[in-house]
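Written below as structure tokens is the structure these notes are about.
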Amino acid sequence: MGSSFETIDIATSARRIGVDNRISLKFYFRIADNILKQANIFRAEKNVIDLYVMLLRFSSLALETIPSHRDYRTSLKSNKEYLRMRLLDVLTELEKLKPVVQQRIDELYPKLKPRYNVQAHPANGSLGWSSAVKPSFNSYDHAKVRNPPGHNSGYMGSRGQQFLNAAPLEERFRKMSVNFRPNEETLSKHSILGPGGLSAQWQPPKYDTKVQYPSNIDFSPVVIPSFQQLVDSKPMITNGSNDEPEKPIVEPSVASNEKIQKNYTEELSSMISFEEPESVNENNLIRQPSPPPVLAEVQDLVPALCPEVREPECMIENSLPDESLRSESPLELHIATSMMDTFMRLAKSNTKKNLETCGILAGSLKNRKFYITALIIPKQESTSDSCQATNEEEIFEVQDKQSLFPLGWIHTHPTQSCFMSSIDVHTHYSYQIMLPEAVAIVMAPQDSSRNHGIFRLTTPGGMTVIRNCDRRGFHAHSSPEDGGPIYNTCKEVYMNPNLKFDVIDLR
């Protein structure tokens, strides 16, 4: 982890994630699955800080967000039990990781150690290290240097920050449906942050996890039980380019087998129940079009800068009054230089007929960088100004079978200019909820000024606008409260000439 930071606010990562009931419950289970997949990779790579952040995010999602969904009460009991058991494993691992994370931070920045302020803040239960300044580190728990404080993320747009008004984790346990009212000593014992914050003296765990990087391997993801079906019809898979980032073999999340943890786990298990969700707004699910396609000509391993647009760069905006709650940029995303041309060849027939074509982008995570290693062409229905996948479950099954992260979508504008329509931003909203790094690529072959664009919704501005919009079809959107744009051109995306990708045609 050769990185730097100005402020580490790990506790902020556990801030409550609000529920959008237009999005199906199974989608939230997939978000949980993706968080655990990232945690597995960070664990295998011995990246304890990002691992800690991912586990905190999962605990918040499992304790608060998922049980608050309006469909949770009627969901399968097996899914609830699976979630509860994974949560127990995660909470146990978090307790063990606290001293390891503190030690790692001290090792990385020994000269800055006197400047840390490692303590639990009584007002909000957060834990912060202040003013440890080093340049240009993009991490979930490391704020960008020299950025003004940023707005709070309305959803999952930032890895290091969720909602401002988050109660302490102890308070979250009190809100759960528990079998008994634990005393303060018990609450302190089971707090994720612990009675003494990260500086508390727990014995660090010993991991036997090994990591290898073969050139080409398929491995199964952590999957919610109800989504374990395989694809019935075999998709056509072709090789799209040359080199591929090696995929790590990762071990699943490990629950402690030590006897000292047995009583802790049993007591914590008795406290956890998901039967008291908070009241939520009963909005109907709004079905927006599924993932679409794009083109690009960029130099080797340089940021994929699109031609000038009025939107500023695709960065998470930072303007929070509280310095400890700054948000961070997404991780780097690498795209094969030839991928957009490959997609346009696949879309050629539709483009000639003035019909849009869409594709889904998926890939892998290695050394804190995402790589798009698969271009999935789903069964779809198209018009001159829209494109919608017709079998979303088939797409999910392909991603799960190959342990791929959902990294966005690509689609054509056969005769229109290069921009994100109102339908496009609604489509991309679900991708960016799933993963902040997800991008929307628009291919506009008839646009002489820019024939492609790589976009993300702004956070929190654009994400909040779309989250609060219940309209369908083409319509106007109001500007975000901060006066900024709804979406931006991305600048953390790199075109990689050595990256290999597969084309998976499901049509």
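Glycine residues also receive a Cβ, built from the backbone N, Cα and C atoms like all the rest.
As the structure is a computational prediction, the values presented were derived from the model and not from experiment.
Over in Swiss-Prot, the protein carries these features:
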type	residues	note
DOMAIN	333-463	domain 'MPN'
SITE	E356	site 'Indirect zinc-binding'
MOTIF	411-424	motif 'JAMM motif'
BINDING	H411, H413, D424	Zn(2+) 1 binding site
BINDING	H426, C469, H475, H477	Zn(2+) 2 binding site
Cα proximity to H411 (Zn(2+) 1 binding site), best match among recorded positions E356, H426, C469, H475, H477: E356
Proximal but sequence-remote residues of the same chain as H413 (Zn(2+) 1 binding site) (Cβ under 8 Å, at least 6 apart): E356, D385, F419, V442, M443, A444, Q446, D447
Between H477 (Zn(2+) 2 binding site) and D424 (Zn(2+) 1 binding site), the C-alpha gap once rounded to whole angstrom: 12
Whole-number Å value for how far D424 (Zn(2+) 1 binding site) lies from C469 (Zn(2+) 2 binding site) (Cα to Cα): 13
Binding-site residues compared (H411, H426, H475, H477) - the one with the fewest other Cβ atoms within 10 Å: H475
Check: same-chain CB within 8 A of Zn(2+) 2 site center, minus H426, C469, H475, H477: S422, V425, V465, I466, R471, A476
H475 (Zn(2+) 2 binding site) to D424 (Zn(2+) 1 binding site) - Cα separation in whole Å: 11
Mean of the pLDDT scores, which run from 0 to 100, over the motif 'JAMM motif' (411-424): 94
Cβ atoms near C469 (Zn(2+) 2 binding site) (within 10 Å, other residues, all chains): 17
For H426 (Zn(2+) 2 binding site): DSSP state (helix, strand, coil): helix
Lowest local Cβ density among E356, D424, which the record lists as recorded positions, within 10 Å: D424
Three-state composition of the domain 'MPN' (333-463), taking helix and strand from DSSP: 39 helix, 47 strand, 45 coil
Assigned element (helix, strand, coil) containing C469 (Zn(2+) 2 binding site), judged by DSSP: coil
